[in-house]
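Right, one structure below, let's go through it.
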Amino acid sequence: MRKIVINGGLPLQGEITISGAKNSVVALIPAIILADDVVTLDCVPDISDVASLVEIMELMGATVKRYDDVLEIDPRGVQNIPMPYGKINSLRASYYFYGSLLGRFGEATVGLPGGCDLGPRPIDLHLKAFEAMGATASYEGDNMKLSAKDTGLHGASIYMDTVSVGATINTMIAAVKANGRTIIENAAREPEIIDVATLLNNMGAHIRGAGTNIIIIDGVERLHGTRHQVIPDRIEAGTYISLAAAVGKGIRINNVLYEHLEGFVAKLEEMGVRMTVSEDSIFVEEQSNLKAINIKTAPYPGFATDLQQPLTPLLLRANGRGTIVDTIYEKRVNHVFELAKMDADISTTNGHILYTGGRDLRGASVKATDLRAGAALVIAGLMAEGKTEITNIEFILRGYSDIIEKLRNLGADIRLVED
């Protein structure tokens, strides 16, 4: 069993460079199946989710080369083999194979998605969209079988009953080679959707409106190869900004797109966090006299659900009381019980998190219950006096590229230990 060991209480300073966006690249890689030539991705994060996707692509027949942060994928040899529950179930984003395999082969058999347990994340919206485009869906045990083999996919007008990033992207992927026009209404607006649309358009797709609540896709017959740079990871950036405000004595966060973080930065400014925003970086000063605030997550451009957990340790430094309400994933509260082991004054009731700041944290043995909870525990461990041991760290390595090295470069006493 591997664990992360932190000796906390040290002031950190220096610079961190943000990697490519996890939530983009996990959709970009399956989307490449639609191309009929080589596609190269730049700024690919070194995370286990990418390694798993590469392994799946190779099992399907793709040729993949990786050097540094560049991923070169030749999808011409991909075969439509069933991808049963197993390797697939470790990935929430495995559902993007539904759209790409349907778009290329007219059918797909894929295990149901896994990832972090944050409460219901039904694929009903995905299936509704595929069915509107002419596919049939059936369950075979833990697998989902989709088919439009006889008639092919056709354009459709699709209204998303709930704003969903995954369903919006998946519908877009499936629609780019469908016959006719597809219109997605009440579409999600996240930057990662624009990133996927940019890749697909550079491959020859006709997508308009990505980043708005109405997306229009006119189907094309073929998609060609291209080269694409993954956008910076706004969630990683927000995580390190929180860390810098919590334990930093001056930390610069590089490769940041401020427009992707405006809602998050606004809440930090409400707390009294002092920072300087530049063209592609944010400098976070040493902080004092922070004020407790209330957080309520919302779809983009609101406060991102993926950032409420990494922000929580910083809130525990603030003076006063506050609440955190996650309207997206109601079960995103498991970090509360682990932070309480570190002597945090924090609790949860009826899905609401209640906290009182100002109490010093103490090192403890804690467990990462999901990706962003793990990030919160790393920040808390760096804040705490004494030693913190974090187990279940595979969740953390799923989404944070080179996290140990990046934190060591700031002066953190942190290491990965093999038991």
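For all residues, glycine too, the Cβ spot is worked out from N, Cα and C.
Quick look at what Swiss-Prot lists:
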type	residues	note
BINDING	Lys22, Asn23	phosphoenolpyruvate binding site
BINDING	Arg92, Arg121, Pro122, Ile123, Asp124, Leu125, Asp306, Ile328	UDP-N-acetyl-alpha-D-glucosamine binding site
ACT_SITE	Cys116	active site, proton donor
MOD_RES	Cys116	2-(S-cysteinyl)pyruvic acid O-phosphothioketal
Could you round the CA separation between Leu125 (UDP-N-acetyl-alpha-D-glucosamine binding site) and Asn23 (phosphoenolpyruvate binding site) to a whole angstrom and send it over?
18
Which of Asp124, Asp306, all binding-site residues, has a Cβ with the fewest other Cβ atoms inside 10 Å
Asp124
Show which residues of the chain containing Ile328 (UDP-N-acetyl-alpha-D-glucosamine binding site), separated from it by at least 6 in sequence, have their CB under 8 Å from its CB.
Thr297, Ala298, Pro299, Thr305
Between the Cα atoms of Asp306 (UDP-N-acetyl-alpha-D-glucosamine binding site) and Asn23 (phosphoenolpyruvate binding site), what distance do you get, rounded to the nearest Å?
10
Chain-internal residues, separated by at least six, CB under 8 A from Lys22 (phosphoenolpyruvate binding site):
Pro45, Ile47, Asp49, Asp233, Ile235, Glu236, Arg398, Gly399
Inter-residue C-alpha distance, Asp124 (UDP-N-acetyl-alpha-D-glucosamine binding site) and Asn23 (phosphoenolpyruvate binding site) (nearest angstrom):
20
For Ile123 (UDP-N-acetyl-alpha-D-glucosamine binding site) and Asn23 (phosphoenolpyruvate binding site), determine the Cα separation and express it in whole Å.
17
